[in-house]
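Here the structure comes first, spelled out in structure tokens, and everything after it is commentary.
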There are 2 protein chains.
Amino acid sequence: MDGIAPARRIIDQAAQRAATVNEQTGQAPCLATVLVGEDPASVTYVRMKRARCEKAGIRSRHVALPATTGTAELVDTISALSHDPEVHGILLQHPVGPHIDERAAFEAIAPEKDVDGVTTRSFAAMSFGLNGFASCTPGGIVRLLEHYDVDLAGKHAAVVGRSAILGKPLGMLLLARNATVTYCHSHTIDLPSITRDADIVVAAVGRPRFLLGDHIKPGAVVIDAGYNPGNIGDVDFESASRRAGLITPVPGGVGPMTIATLLAQTVDAAAQQLGCTPDESFPHFRSN
Amino acid sequence: MDGIAPARRIIDQAAQRAATVNEQTGQAPCLATVLVGEDPASVTYVRMKRARCEKAGIRSRHVALPATTGTAELVDTISALSHDPEVHGILLQHPVGPHIDERAAFEAIAPEKDVDGVTTRSFAAMSFGLNGFASCTPGGIVRLLEHYDVDLAGKHAAVVGRSAILGKPLGMLLLARNATVTYCHSHTIDLPSITRDADIVVAAVGRPRFLLGDHIKPGAVVIDAGYNPGNIGDVDFESASRRAGLITPVPGGVGPMTIATLLAQTVDAAAQQLGCTPDESFPHFRSN
């Protein structure tokens with residue numbers, strides 16, 4: 001399941017929509033990126049996201065804070081962006097460091113600017129099918145499954161990993177699409193017996209080559225949401241690809257869809273905030 | 001798994017704590033109950049909840065609205081209660097009727113007064129282990145499992161039903177306690193094959209005697225969260241009790257725990273809002 005081509009299509013649509021927003025309002029959509037400290041991987045991610053924005057006609061405003069920044073200061077910075085009418089989306093690059101209350105920082109993002117889908121309001125929106133933005137990786141995975149016409153209704157999906165921005169929201173999005181969803185994690189006893197029952201397996205644990213071919217039912221759909229150092233996924237592609245019906249590569253699978261979702265949601269947020277004419281052909285992410 | 005005795009214990013503790021709150025502040029905890037229309041079952045539920053409050057030293061303030069009440073009016077009523085310093089907890093009896101946007105009404109409840117655990121903020125709190133109140137039935141079920149020393153870590157729990165105030169939050173509470181959680185529902189293919197794999201099965205579908213003994217692994221823990229007309233649960237007690245290791249009856253199982261949780265959370269909300277001395281012996285519900 002190549003993610004590059006469908007991601008490109010979404011980004012093209014986002015770029016078109018961004019141009020329309022600019023024409024209608026004289027303002028380009030603007031994503032604020034907030035980075036605390038100088039973790040090299042985070043610096044790279046943010047730089048890459050900003051470059052993709054620029055190519056799609058989305059402005060970005062970068063806020064670089066020193067590693068010593070405290071929770072209160074970070075919350076103030078994000079709140080100011082939430083109130084700034086020139087900013088339409090806010091991305092706080094995580095992790096933010098153990099001395100910061102990440103949840104407090106996330107919650108300072110206004111729901112209508114939460115294009116990365118990290119607030120509790122966005123999580124509830126995904127869970128209850130309300131208006132709101134998806135967490136980008138789960139949203140990208142669901143778009144990818146739709147692109148490959150993977151029918152979710154009634155299918156058994158095993159989500160391995162339960163983080164607040166990946167496993168948990170993804171399970172809720174799959175559940176909203178009528179999959180039977182099992183959340184597995186580090187305490188799960190006999191993980192293979194569960195994943196081998198599943199029609200769809202999503203690996204989202206952050207451990208390189210954690211999921212093996214032996215974990216997978218022949219013909220199952222395997223989504224690798226892992227991204228470990230050295231471009232290594234959470235799935236052992238070699239053994240898993242011999243069993244899976246469909247499988248995402250790393251890189252080039254989930255990753256591009258994550259970024260495409262971020263861009264599409266930023267443009268969507270700008271269009272909404274600036275009161276643009278609705279565009280039904282634009283691929284809004286619908287939580288429900 | 002009798003729920004009456006553990007519920008009584010929680011209610012006794014809530015009554016003691018309510019008396020302390022009253023002594024320290026000159027104010028008794030107060031629950032506002034809001035009822036739209038005159039559905040006989042809802043009238044009975046609200047009357048029963050208010051009677052239990054009174055017995056525990058919790059005041060209640062009842063707001064009865066005509067069945068014709070619209071969303072805006074209901075939201076205004078609830079917002080006023082959210083801002084009223086004499087009200088510490090708010091319960092909107094549901095269902096509220098199809099012409100009302102129930103979600104909008106729920107969201108008008110201030111999070112610190114959401115003692116019934118129906119807001120999106122409370123759902124996220126249960127999901128992410130943040131401070132907040134539990135939905136009463138899920139919270140009551142978890143307390144019941146704790147009372148009977150049912151170890152959840154690593155166990156496979158099948159939650160049958162995915163409503164916003166029962167199945168979904170319950171799954172999140174079980175997941176937070178390290179169970180492997182499967183959400184099943186009306187689209188699930190071959191439900192018995194999933195429930196027969198589970199160490200803990202929760203029936204929360206609202207269909208009388210829906211879950212049969214044949215659905216259950218010998219020795220499993222069976223929780224019947226159903227409450228259908230005629231005091232009939234979602235589990236066929238006769239066949240299920242022959243297979244289950246532990247099973248809740250209806251009535252006298254989950255129901256009393258639900259009310260006990262409502263009372264305990266109301267007292268807890270009042271103590272917090274009135275700035276009472278913390279009482280660590282009080283059985284706070286902790287989401288995480």
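Cβ atoms are placed via backbone N, Cα and C, with glycine included.
Whatever TrEMBL says is automated annotation, not expert-curated.
Per TrEMBL, the feature domain 'Tetrahydrofolate dehydrogenase/cyclohydrolase catalytic' maps to B:1-116.
Shown for the domain 'Tetrahydrofolate dehydrogenase/cyclohydrolase NAD(P)-binding' (B:135-273): DSSP residue counts in helix, strand and coil, namely 55 helix, 24 strand, 60 coil. Feature annotation from TrEMBL assigns domain 'Tetrahydrofolate dehydrogenase/cyclohydrolase NAD(P)-binding' to B:135-273.
Around the Cβ of B:G161 (NADP(+) binding site), the same chain contributes B:G167, B:C184, B:H185, B:V202, B:A203, B:A204, B:V205, B:G206, B:A225, B:D234, each under 8 angstroms and 6 or more positions distant in sequence. Among the features that TrEMBL reports, NADP(+) binding site is placed at B:G161, B:R162, B:S163.
Among the binding-site residues B:G161, B:R162, B:S163, the ones with a Cβ under 8 Å from a Cβ of chain A are B:R162. Taking H, G and I as helix, E and B as strand and the rest as coil, DSSP gives the domain 'Tetrahydrofolate dehydrogenase/cyclohydrolase catalytic' (B:1-116) the counts 60 helix, 18 strand, 38 coil. When the binding-site residues B:R162, B:S163 are compared by the number of other CB atoms within 10 angstroms of each CB, B:S163 has the fewest. The record gives B:G161, B:R162, B:S163 for NADP(+). Within 8 Å of the mean position of their Cβ atoms, the other Cβ atoms in that chain belong to B:V159, B:V160, B:A164, B:L166, B:G167, B:K168, B:Y183, B:H185, B:A204, B:V205. Mean pLDDT of the predicted structure over the domain 'Tetrahydrofolate dehydrogenase/cyclohydrolase catalytic' (B:1-116): 97.
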